[in-house]
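Before any comments, here is the structure.
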C-alpha cells in the first residue's frame, strides 16, 4: 500500500527494521518520527525457523529465505498486497537476497503495490544507492514509470537523493526526461521541493531551462514562482531562465508572481529583467568589462580625497567631519549601481592597492628628499617592486582549481558509486568531481581548490597548492614596504614638525603632529594597519608551514574537532608534519645542499595516501 508516500506503505506492511527515508516530496519530518517509533516497537525475531518468507525477507534472514525457496516457493509470487519478494528485499536494502532471488528467476522490473512500482522505484524512494546500483546491473529499467507517472529520476529528485540523481544521469538517463504530465525533473524540483536543492544540483547537469510541460505549458521558472520557491527562483535566474515565455494562460513568471503577491520574487524578477535590458546597451557592457578598473580608480580617488580633507587648511574639525560624511555617502553610491555583486568582493583588494599607491607617492614626494642617500632608498624600491610582483603572481596563478570534462565527471561518479565512495567526503556535489586529498570547495570561487588554505580577502583569490608560496612572499614584502614607510614617517615628522613632547606630554605632542602634517599622519595610520595584519598573517603562516605542516583550513578544522573530543588533539602530531626542515623543503620545493630533499606531490590529482620516502610516513587527509 504505497498510498501518498512510502511511509504509510512501510507502516502497513511492517517490513522490518530499516531506517525510513523521506516521505513524498521530501517533506515528512512528522511521519519520519512516527516511523522511527513504529520501528522501535517492532518485535525482534528470536526464532526465525517459523517465520514466513515475507518477514524473513524484511529482516534479511538469508538462510530462512533460501530454505523456503528451495522448498518450492515461487520468488515471483506476490503477497496479498501485490508486493513481490524483490520489492521487500529492495526497500530494506537486502543486497544478498536480491542477488539470490534474481538467480532464482525473480523479475527485476516486476510491478507491485498500489502504485504499480518496480523494486527500483522502492529502492530509490528510500535512498538505497547500493541497491539501485545492483538492480541496474541486473537489467532494471530506470525509464519505467510508476502509478503516479514518475520515472526513477523523478523519484530521486522528489525525495532529494542527490547521489542517486548523479548516478542515474551518469548511467545515461536523460536529465530532461518527462513524466506523464510532461514535467522534467527540474520542474518537479522547482515546484515540489522548497529550497536550493536539488534544483541547484540538477542545474549542474545542464538541463533545459525553457522547456514547458504538456498541460500548463509552464517552464521550471513558472513552477518555482507558483510554489513561492525563492531559492529555486534565484538558482534559475542565475542559470539564465527566460523571463518572457508565456504559459497556456498567457502568463509570464512575473505575471504569476504579481498574482501571488510574493513581493520578494517580484523584486527578484524585476531586478533581473532590468539587468538583462541593460545588457543591450554598449555603454553598460563596457562598464561591466571595466568594473574592476573603475572600482580601483574610485578607491584611489576616495583615499586621496580623505587625505585632502584631513590636510585641508582649516581648524574646524566639524567642517572636515561633514565633508568626510558627504564623501563616504557619494562614494557608496557608485558600487551599488555600477559594480556587480560578484565584483564587490574585490573592494578590500582595491583598498590595499590604493593604499600602496598613495604610500609610494608620499615616499616619492615627501620622504625622498630626506632619505635619498640612505639605504632606505634602494630597500624601499626593491620591496615595493617585489610586493607588486608577488601580488600579481598570487592573483594570477591558478591556486589549484580541480577541473574535469563532462565525461570524466560521469566516469568518476559511476566509479565512486559502485565502490561505495559517493559521499561528501570524496565527492563534491558542486563541481561533480572526486575531491583530491586536502582540497576544499570555495564558495566564492565556486570551485574545489587543491591543498586549500583560505580565500584571501586582500588578494580576492583562493590560496592553494598553486600559489601558496607566492602568497607568503606577498605578505613578507608588504610588511617590508609598510615597515619602511612607518620608519620614513617618523623621520619626516621629527625633522619637519616642531614638538614639545618632553615639556608638554603626549597629548600636546599628538596635537602638534596632527597640526603639522595630517596627510603624513594619515599615511602612517594606513601603513600601520597594513603592517599589523600582514605581519600577523605572515608569522601565522610560517608557524603553520614549518612547525605543523598544515594549511589554515586544516588547522582550524582540527581545532574545531578537538573541542568535541575527550582527549586534546595535538596539532603537531599529524601525518603532514615531517619536521621543520622537511616541511619547509616540501612547501617551497627546494633542497638544502643535499641535506633535505623535497617530496614532489601534485595535490590537484592526489586521491590516495602518499608514501613519503624521507620519513617513511603515510600522509592522510585531515
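All residue numbers here begin at 1 and follow the chain in the order shown.
For all residues, glycine too, the Cβ spot is worked out from N, Cα and C.
According to Swiss-Prot, the feature active site, S-palmitoyl cysteine intermediate maps to 456, an assignment based on sequence analysis. Cβ environment of residue 456 (active site, S-palmitoyl cysteine intermediate): 394, 462, 463, 471 lie under 8 Å away, each six or more residues apart in the same chain.
According to Swiss-Prot, the feature repeat 'ANK 1' maps to 43-78, an assignment based on similarity to another entry.
Annotation source Swiss-Prot lists repeat 'ANK 5' at 181-211. In the repeat 'ANK 5' (181-211), the DSSP tally of helix, strand and coil residues is 13 helix, 0 strand, 18 coil.
A Cβ distance under 8 Å defines the sequence-distant neighbours of the repeat 'ANK 6' (216-245), meaning residues of its chain 6+ beyond its ends; these are 183-184, 186-187, 189-196, 199-200, 203, 209-210, 251-254, 256-257, 260, 262, 264-265, 268-269, 272-273, 276. Swiss-Prot lists 216-245 with the feature repeat 'ANK 6'.
Long-range contacts of the transmembrane segment (292-312) within the same chain: residues 319-320, 323-324, 327, 331, 334-335, 338-339, 343, 346-347, 350-351, 353-355, 357-358, 517-519, 521-523, 526, each at least 6 residues beyond the stretch ends and with a Cβ under 8 Å from a Cβ of the stretch. According to Swiss-Prot, the feature transmembrane segment maps to 292-312 (among others).
The feature transmembrane segment is assigned by Swiss-Prot to 321-341 (among others).
Under the heading transmembrane segment, Swiss-Prot lists 348-368 (among others), citing sequence analysis as support. Nonlocal intrachain contacts for the transmembrane segment (348-368), taken as residues 6+ away from its ends with a CB within less than 8 angstroms of a stretch CB, comprise 292, 295-296, 298-300, 302-304, 307, 377, 380, 384, 387-388, 391, 457-460, 478, 481-482, 484-485, 488-489, 491-492, 519-520, 523, 526-527, 530.
Sequence-distant contacts of the transmembrane segment (371-391), counting only residues of its own chain at least 6 positions beyond either end whose CB sits under 8 Å from a CB of the stretch, comprise 353, 356, 360, 363, 459, 470-471, 473-474, 477-478, 480-481, 484-485, 487-488, 491. Positions annotated as transmembrane segment by Swiss-Prot, on the basis of sequence analysis: 371-391 (among others).
The transmembrane segment annotation in Swiss-Prot covers 471-491 (among others) and rests on sequence analysis. Long-range contacts of the transmembrane segment (471-491) within the same chain, counting only residues at least 6 positions beyond its ends with a Cβ under 8 Å from a Cβ of the stretch, are 356, 359, 362-363, 367, 370-371, 376, 379-380, 383-384, 386-387, 390-391, 393-394, 453, 456, 459, 463, 520-521, 523-524, 527-528, 530-531, 534-535, 537-538, 541-542, 545.
Per Swiss-Prot, the feature transmembrane segment maps to 519-539 (among others); the stated evidence is sequence analysis.
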Remote residues contacting the transmembrane segment (519-539) - C-beta distance under 8 A, at least 6 residues beyond either end: 303, 306-308, 310-311, 352, 355, 358-359, 362, 366, 472, 475-476, 478-479, 482-483, 485-486, 489-490, 492-493, 513
Composition by DSSP (helix, strand, coil) of residues within the repeat 'ANK 1' (43-78): 19 helix, 0 strand, 17 coil
The repeat 'ANK 6' (216-245) - residue tally per DSSP class, helix then strand then coil: 18 helix, 0 strand, 12 coil
